[in-house]
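Peer 1: Below is one structure. I have some questions about it.
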Amino acid sequence: MNVSRRTRIQKTYEALFALEDVREIFRRSLPTGLDGGEEREFSEALARVRGIIDGIEDGGGELPSGRVCDGIEVRSREEDYININPIQAAGRLTPEARKAIISYGDGYSTCDHCRKPFRLDKIGRPPVEAFHRELAEFLSMDVARVVPGARRGFQAVTQSLLEKGDFVIVSSLAHYTEFLAVEVAGGVVREVPLDEDNKVTAEAVAEKIEKVKAETGSLPRLMMIDHFDYQFGNEHEVRGIGKVAKDYGIPFLYNGAYTVGVMPVDGKEIGADFVVGSGHKSMAAVAPSGVLATTEEWAERVFRTTEMTGDVTNRRFGIKEVENMGCTLMGATLISMIASFPRVKARTAAWDEEVAKSNRFLRELSRIDGTRVLSELPRRHTLSKVDTTDSFDTVAKTHKRRGYFLSDELKERGIIGEFAGATRVWKLNTYGLTSDQVDYAAGSFLEIAEGYGLKIS
Ligand SMILES: *Cc1c(COP(=O)(O)O)cnc(C)c1O
């Protein structure tokens, strides 16, 4: 039996889809049971599932369609390849999250057992309320809410704290969503310059605060700093910055888009007033998802409830939180986050091993003459920026496929996720790869380099 891995993967999807067709029969039949026609249809649908399952093993049976439906192809990148895409690594779902999608995919599925006072974070079944408590505890904060992405967490904070023209301290490596969150609230960003190692220091933050004070006569209203930035994956001095924030009495938003869910984060110890994380980037959850956690002190302000009264009906919606538009993440998005959470919590304890693999990978990659790591070394994160201008790009210059030669070669070996066509400066993320996968990926880069006559040291 020599069935290709790709065929097996495609057939596995076909079997899952065929089971959905079985499931559909239940959905459109009477609760009292299947009638004659349905029973026949059911048998046929089940026989089809069996046929496909046999085919996973022996390669026989119908050819997989490779489609979810017309126009939508099956996405099997995570099964077919080793994916080193910089933003996708820690957002890959756990098996529990994938099962949650199957089960909770229907629109307002989380509302089945929603009871008074009718708010998402109060739902007891499935355990949404308990999850909120655990989330706060996980981050060492007092209160947590789920939000549709880290960006919506930033937005809830900026819209609650800023008035028009207020200044907000951000990093010179700040994510675009931090800019937008300030802009949507009418604020103005002021960037902290980087030091020579592309890091944001507490000292530079203090200097910038003084500058804003000198320029405007008042202190910035908020500071938002990334623990690890999205460009280099460098670690910034968040604890020192937390102290500066306290000294000046400026609220501090800790941006944990690249930390919450992969490494331990202790908001209190860091001195954060707000901790924001991204579910789809670092918590193995469906997009758009994220978390906003805060202290008792700030919760009332950021999670303020509606005070509006209808002029005709006199209606009020008492406990609905304004910034969260009442309820935030619904359905499979939220349940995927909850389903992944036990593993996510556990995996943060293995962060050192992830970092070790990241260092091992880059050590190997750096053996290719002319390859440079632009991120800080040794790595403290799994996201890294590399410069292969003097290695792979020298090949691209004369190759008929130009920069795409590298992605071609990698794909042939089952590796994807580097920016296709880029052979100068690009990013990668080794998070979640097994030791064998790390070695295999590193070995593949070396093999490709060797094949094109690049020097290996
Ligand atoms: C990815 C990222 C974000 C945006 O996260 P979303 O959850 O997609 O909104 C914000 N900040 C940083 C530093 C990021 O890397």
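Note: Cβ is positioned from N, Cα and C throughout, glycine not excepted.
Whatever TrEMBL says is automated annotation, not expert-curated.
When I checked TrEMBL for this same protein, it listed these features:
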- Ala150, Arg151, Asn255, Ser278, Gly279, His280: pyridoxal 5'-phosphate binding site (BINDING)
- Lys281: N6-(pyridoxal phosphate)lysine (MOD_RES)
Peer 1: Excluding Ala150, Arg151, Asn255, Ser278, Gly279, His280, please set out which residues of the same chain place their CB within 8 Å of the center of the CB atoms of the pyridoxal 5'-phosphate site, keeping sequence order.
Peer 2: Val147, Gly149, Gly153, Ala257, Val276, Gly277, Lys281, Ser282, Pro288, Ser289, Gly290
Peer 1: Might you list, by sequence position, any residue in that chain lying six or more from Asn255 (pyridoxal 5'-phosphate binding site) with a Cβ less than 8 Å away from its Cβ?
Peer 2: Ala150, Phe154, His175, Glu178, Met224, Ile225, Asp226, His227, Val276
Peer 1: My understanding is the cutoff is Cβ-Cβ under 8 Å with a sequence separation of 6 or more in the same chain; which residues meet that for His280 (pyridoxal 5'-phosphate binding site)?
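Peer 2: Set apart from His280 (pyridoxal 5'-phosphate binding site) by at least 6 residues yet with Cβ under 8 Å, we have Gly91, Gly149, Val286, Ala287, Pro288, Ser289, Gly290.
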Peer 1: Which one of these recorded positions, Ala150, Arg151, Ser278, Gly279, Lys281, has the sparsest Cβ neighbourhood, judged by other Cβ atoms within 10 angstroms?
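Peer 2: Output over recorded positions Ala150, Arg151, Ser278, Gly279, Lys281: least Cβ neighbours within 10 Å is Arg151.
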Peer 1: What does the structure give for the C-alpha distance between Lys281 (N6-(pyridoxal phosphate)lysine) and Arg151 (pyridoxal 5'-phosphate binding site)? Integer Å is fine.
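Peer 2: Here the two Cα atoms lie 12 Å apart.
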Peer 1: Based on the record's binding annotation for pyridoxal 5'-phosphate (Ala150, Arg151, Asn255, Ser278, Gly279, His280), what whole-number value in Å is the widest Cα to Cα distance?
Peer 2: 14
